[in-house]
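Novice: Following this message is one structure expressed as structure tokens.
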Ligand code: SF4
């Protein structure tokens with residue numbers, strides 16, 4: 001059964017109601033079960049779990065250390081292009097945003113790579129908007145061939161592709177694909193994506209299935225926190241994760257928690273999520289799933305990042321620039337969103353060490369495919 | 001207790017039984033009826049399908065018994081496929097318990113030949129239930145070739161040692177997308193209840209019933225144990241253990257700004 005069939009059997013409002021109806025004893029049971037179900041996950045993300053945050057954090061820390069040890073992986077986004085044919089209400093690259101557009105040439109990419117390598121990175125995340133004519137599979141092939149010699153782990157966060165397209169990119173060095181659903185609320189999804197290929201909810205929802213079938217090593221999931229009720233959206237993410245783990249069992253998974261950030265264009269978040277709630281969500285994912293990688297971007301503040309590295313997170317970015325060409329040029333003009341933690345990678349590594357953790361630069365090797 | 005569906009069949013009992021080792025056909029029939037079982041395995045090598053008076057078959061002629069022929073005795077995939085085709089013709093069912101154990105001493109299943117045979121048999125239209133080691137990866141590989149359920153062993157067949165493979169059964173149950181039937185090693189009703197509490201979809205019991213002093217009474221005991229275990233699983237067991245307490249607060253930083 002494909003995920004869309006499972007998804008179509010569920011009702012957003014009913015799920016939401018069931019999350020908000022969870023009680024303290026549901027939370028206590030969830031904390032004590034040796035293996036947690038989706039119902040337990042609901043309890044852990046519910047308002048009823050708020051008083052249990054310290055216990056959740058302690059458990060999340062213990063489970064994370066059991067599986068990952070005291071390590072944090074580092075990666076850096078490389079923005080290749082800000083051309084985009086879509087309108088997304090929350091994004092600085094949106095077609096209706098009169099921002100100058102650029103797509104990096106091979107020479108420009110190599111300049112970026114030089115800076116990124118000088119920081120010490122071995123894992124890079126390629127990011128683009130969605131402009132299939134100029135930034136399509138042929139461009140991605142070219143980029144992978146160009147940068148593969150410099151990195152042992154290459155991730156991609158670009159428009160969803162067809163299965164055959166992913167199959168062409170994997171042998172060229174593509175390890176991981178991140179594809180966030182943004183929101184699982186189908187009607188609101190349409191409102192936030194009124195124009196362009198991205199407005200096709202179902203095609204996006206089925207992307208992880210295409211990735212699983214294509215045999216990519218790792219799939220990243222997530223929603224954009226702020227668009228809709230984060231608890232309900234996170235439930236659907238967890239459901240999606242569980243389905244994928246059982247179906248594409250040879251694939252690894254990661255989850256990210258992007259909170260809506262200011263950008264030039266400006267949609268204010270519909271739903272505010274406090275720091276406390278984000279900690280609750282991170283711990284809930286860990287308690288629900290001991291293997292999933294949890295990733296935190298530079299959208300979050302220094303203070304927050306310093307403290308959550310010990311609570312369940314397994315990878316973070318540091319020193320990010322979200323505009324194409326930003327590393328080599330040092331400018332900040334065309335960025336997708338404002339970053340919050342602006343510390344240099346060396347400072348982040350020091351912070352990780354100060355917390356008693358090891359910063360991992362390399363976690364894959366080209367010879368592994 | 002929710003009924004169990006495997007392929008296109010619905011089972012109201014989650015206790016599956018075997019037909020070996022009983023002291024007589026009559027005793028087997030009484031015990032199996034008492035067990036409430038709806039799926040009964042039968043070794044093709046043991047029955048004379050030409051003979052309606054066959055001692056095993058004649059005692060299984062009840063509408064509630066679905067027959068599950070097994071390939072016990074074969075040593076590789078090729079022999080298994082051949083035996084399966086014979087069974088389908090003779091017993092008029094495309095259901096099959098796939099057993100390949102080249103090792104005559106412990107009767108441990110051969111994972112490589114089992115996977116090969118399962119793939120071929122699914123293509124030939126069989127509803128395949130493979131008997132395997134409690135190997136989570138093998139279970140996923142079998143799912144991918146289209147088996148209808150997996151039957152991991154609890155401990156060596158006939159040993160009555162219970163769930164020695166419990167840690168692996170837990171993983172299999174957690175990640176399986178097809179029903180999990182714990183087979184082999186279940187020697188006491190408490191073992192069966194334990195498997196059901198873990199979340200197994202069904203258990204298969206033969207030796208423990210057949211060789212007990214009173215097979216009919218033991219069959220009833222297993223029936224009750226399987227029901228109890230399943231009911232407990234559905235009612236969600238009360239949690240065990242204590243929650244972790246951090247030595248210094250991990251979330252105090254949230255109050256700092
Ligand atoms: S979120 Fe992606 S698709 Fe939407 S406007 Fe931004 S870059 Fe384009």
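Placed from the backbone N, Cα and C atoms, the Cβ positions cover glycine too.
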Novice: In TrEMBL, the residues B:184, B:185, B:206, B:207 are said to bind 1-deoxy-D-xylulose 5-phosphate. Which of B:158, B:199, B:229 is said to bind at that same site?
Specialist: B:158
Novice: Give the residue from the binding-site residues B:206, B:207 that has the most other Cβ atoms within 10 Å of its Cβ, counting over every protein chain displayed.
Specialist: B:206
Novice: Within a 10 Å radius of its Cβ, which of these binding-site residues (B:158, B:185) has the fewest neighbouring Cβ atoms?
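Specialist: Least crowded of the binding-site residues B:158, B:185, by Cβ count within 10 Å, is B:158.
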Novice: What are the other residues, in sequence order, whose C-beta lies within 8 angstroms of the center of the C-beta atoms of B:158, B:184, B:185, B:206, B:207 at the 1-deoxy-D-xylulose 5-phosphate site?
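Specialist: Here the non-site neighbours turn out to be B:18, B:156, B:157, B:159, B:160, B:183, B:186, B:187, B:205, B:208.
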Novice: Limited to the domain 'Thiazole synthase ThiG' (B:5-249), I'd like the whole-number average of pLDDT.
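Specialist: On average, pLDDT over the domain 'Thiazole synthase ThiG' (B:5-249) sits at 90.
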